[in-house]
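Undergrad: The structure follows.
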């Protein structure tokens, strides 16, 4: 009984720190403005940066490698990335909010690999810059419009931004593209937006989009969705505006049973809750 009571207290304190209310996280501010921490990976993909290269990436953008405390502060307001990265003083780890079997070993908190003796190991980077441009965030509002960095001006080279949308249990997310103009190439290997029907960019891949044709609307299977924007080191374009609204579970659109395209809406089958 005592053990159970202690466990309940710990869970309450953790939930209170994240701002739980009515089954959702209440945080709808840009992570870069709130905590100043963001994730960076090499253009060639994940786990390509040495410690010196990771430092250079952060400093080039006017920041520095995040400390463990800074990464933990960002995690407590919803920063969740399933990728290990360099921190200050040669430390490596990554922030987990939602436990899962394929990310974080079923734990929450900073998954800490410790201070690495071999600074030539290759990981991603966690940078800290409270004055960075708006690039990514965690949204819990019932509806919102968000944009590529600098929109309506062209976005910069070498951007990697993540947006995480989290609504109440049982709700779905209706995603619509209002404007869309990215560098075009046949394989979408240069600049692109990726959409994931999940809490992170590890599971639930929906599609990768580039060029200037508006993608079709997408309705999620559950109450979470992740978007990733990446630009390369050369050509830029006008960027994008994306809108999402809440789909109530009682509405007809949320009752679709199969993946299909109706008009310009793409329905994704599945259960409602990812949290």
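Quick reminder: no glycine exception, Cβ is built from N, Cα and C everywhere.
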Undergrad: So which range, 230-252, 253-275, gets flagged region 'Disordered' in Swiss-Prot?
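TA: In Swiss-Prot, the region 'Disordered' feature sits at 253-275.
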Undergrad: State the mean pLDDT for the domain 'CUB' (135-247).
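TA: Value for the domain 'CUB' (135-247), mean pLDDT as a whole number: 92.
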Undergrad: When you rank 82, 103, 127, 161 by Cα distance to residue 188 (disulfide bond), which of the disulfide-bonded residues ends up on top as the closest?
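TA: Going through 82, 103, 127, 161 one by one, the Cα closest to that of residue 188 (disulfide bond) is 161.
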